[in-house]
Amino acid sequence: MCSISFIYLISISLSCFLLSLYFLLNNMIYFIEWEVVSLNSSSIVMTFLFDWMSLLFMSFVLMIASLVIFYSKEYMSNDNNINRFIMLVLMFVLSMMLLIISPNLISILLGWDGLGLVSYCLVIYFQNIKSYNAGMLTALSNRIGDVAFLLAIAWMLNYGSWNYIFYLEIMQNEFEMLVIGSLMMLAAMTKSAQIPFSSWLPAAMAAPTPVSALVHSSTLVTAGVYLLIRFNIILSTSWLGQLLLLLSGLTMFMAGLGANFEFDLKKIIALSTLSQLGLMMSILSMGFFKLAMFHLLTHALFKALLFMCAGAIIHNMNNSQDIRLMGGLSIHMPLTSACFNVSNLALCGMPFLAGFYSKDMILEIVSISNVNMFSFFLYYFSTGLTVSYSFRLVYYSMTGDLNCGSLNMLNDESWIMLRGMMGLLIMSIIGGSMLNWLIFPFPYMICLPMYMKLLTLFVCIVGGLSGYLISLSNLYFLNKSLFMYNLSTFLGSMWFMPYISTYGMIFYPLNYGQLIVKSFDQGWSEYFGGQHLYQKLSTYSKTLFLMHNNSLKIYLMLFVFWILILMNFLLFL
């Protein structure tokens, strides 16, 4: 099943990539209508939009999916239900394809809800209470966006059809289109885990690691960004863009801070994904949709590789995810460590790796754009934080001595997993420059003063140094002072967002429900209703029973009275 799926997906991916090149070179867009049903005067038409953007994104999704399935062949080899797992991944890919090529809100909804449902099934794949809680949080957070999507479909009834792509430019200043745009923004924010819906993404790390590599790094979470790339005209012509810039900038900042206080390997990478999603959303809200698409594609490559390396490490560490127990992995697992470091450096924006081309261009575009000091600070500080947590991760896992048991099974012999990783390693090195040549028809010449050009590099170096310093154990123990402890608890728990999303939402309704149950259902209404009636009737029954038991005369007299009353009643009738 794994091998067939891998060959099938990689071949479709290659054909999509070649098609996207053809479409890019000739500046073509194909809009295909397929009439599904035609009955009298009404017809149901399915529409597909093929342009360079959809074909390129599709080819990347399929390529990562194929390599992840190949990787799962070994990673999930002990699982009895591996075929079920592969089927779920394929259903996920199918939903993603439907979402990417649809210019129609109804068909997008099919893909959108398919993503949500399959994502839930994959999060609860390992059946335990933690997975169920994470799955529930994921599903319910995404339901908010789904409701917004349904409302947007209802608002589209003001127009002739649900093909939003026809109306975006003409109706961009209309109130209806603003409402649709704001609903779409809400839907995209839930799917891409922006503040205040961020807590589900780290929770979804309860899923198997191949799922995290495909779903929660490169495809599902970027569906929201992709949707907003299609709706980018509304963002740039209204106040929605400014609101999105603020929220996504804060998401980027919050996730970067949180990752510096986290010790769970997969959660660190999840928070780094959240930070990069904030970067994509914020540059998109400023109107640079091509840059957002560029970063989306490069990020998908190195983040999927990062998760695969993390999976190989966890596999070898006997399913332990705590980075404090790791150390010296570069000696025991050299090839995996090389892939891990390449993807980490690509994430930091190391020159000439995949992440550098998109991140550097985004930060330079921000420098020449008309943004305020706060946004500028969020962009650059978050970049520094990215380098900081990456270097901290390398310090904890790659250097020093191994901190787990002396009897271990660390090896670099998992060849199927390594082959899957090598495919993405090559793309993480050459992908950025390749896409840079393809997407932009002419080179961007961004003219800035020397100190502004070097600011990005300076921020990265300072971030790397701070990442090393906060990892040193003697500095770590400074955090144990009361103020620092409270601060690190606040920052490390994503500004208390997981608590607000769960207990905060459910505490008052449940409390109110308990009061109602206590006061009414099991209180006064119970006292005057069921219980009171039962007590009175049983008291009367007991009294009559006593009378009947103790005196035959009274019993017979009552019987005579009862007959007399009955006869009188019948006479009156």
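Any Cβ shown, glycine's included, is placed from N, Cα and C.
Here is what TrEMBL says about this protein:
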type: DOMAIN; residues: 38-85; note: domain 'NADH-Ubiquinone oxidoreductase (complex I) chain 5 N-terminal'
type: TRANSMEM; residues: 52-70; note: transmembrane segment
type: DOMAIN; residues: 102-383; note: domain 'NADH:quinone oxidoreductase/Mrp antiporter transmembrane'
type: TRANSMEM; residues: 107-126; note: transmembrane segment
type: TRANSMEM; residues: 147-165; note: transmembrane segment
type: TRANSMEM; residues: 177-201; note: transmembrane segment
type: TRANSMEM; residues: 213-233; note: transmembrane segment
type: TRANSMEM; residues: 239-261; note: transmembrane segment
type: TRANSMEM; residues: 294-314; note: transmembrane segment
type: TRANSMEM; residues: 335-357; note: transmembrane segment
type: TRANSMEM; residues: 377-395; note: transmembrane segment
type: DOMAIN; residues: 389-568; note: domain 'NADH dehydrogenase subunit 5 C-terminal'
type: TRANSMEM; residues: 416-439; note: transmembrane segment
type: TRANSMEM; residues: 451-470; note: transmembrane segment
type: TRANSMEM; residues: 482-500; note: transmembrane segment
Within-chain partners of the transmembrane segment (239-261) [C-beta distance under 8 Å, separation at least 6 from its ends]: 178, 181-182, 185, 189, 193-195, 198, 228, 267-268, 271-272, 274-282, 284-287, 371, 374-375, 378-379, 381-382, 385-386, 388-389, 392, 467, 470, 488, 491-495, 497
Interface check, the transmembrane segment (377-395) with the transmembrane segment (335-357), three or more C-beta pairs under 8 A: yes
Contact call for the transmembrane segment (335-357) against the transmembrane segment (451-470), three or more Cβ pairs under 8 Å: yes
Any contact, the transmembrane segment (213-233) to the transmembrane segment (52-70), with at least 3 Cβ pairs under 8 A: yes
DSSP residue counts for the domain 'NADH-Ubiquinone oxidoreductase (complex I) chain 5 N-terminal' (38-85), split into helix, strand and coil: 28 helix, 11 strand, 9 coil
Contact ranking winner - 177-201, 416-439, 451-470 against the transmembrane segment (482-500), Cβ under 8 Å: 177-201
Distal contacts, the transmembrane segment (416-439) - CB-CB under 8 A, six or more residues away: 21, 24, 56, 63-64, 67-68, 70-71, 73-75, 290, 293-294, 297-298, 301-302, 304-305, 308-309, 311-312, 315, 335-336, 338-339, 342-343, 346, 352-358
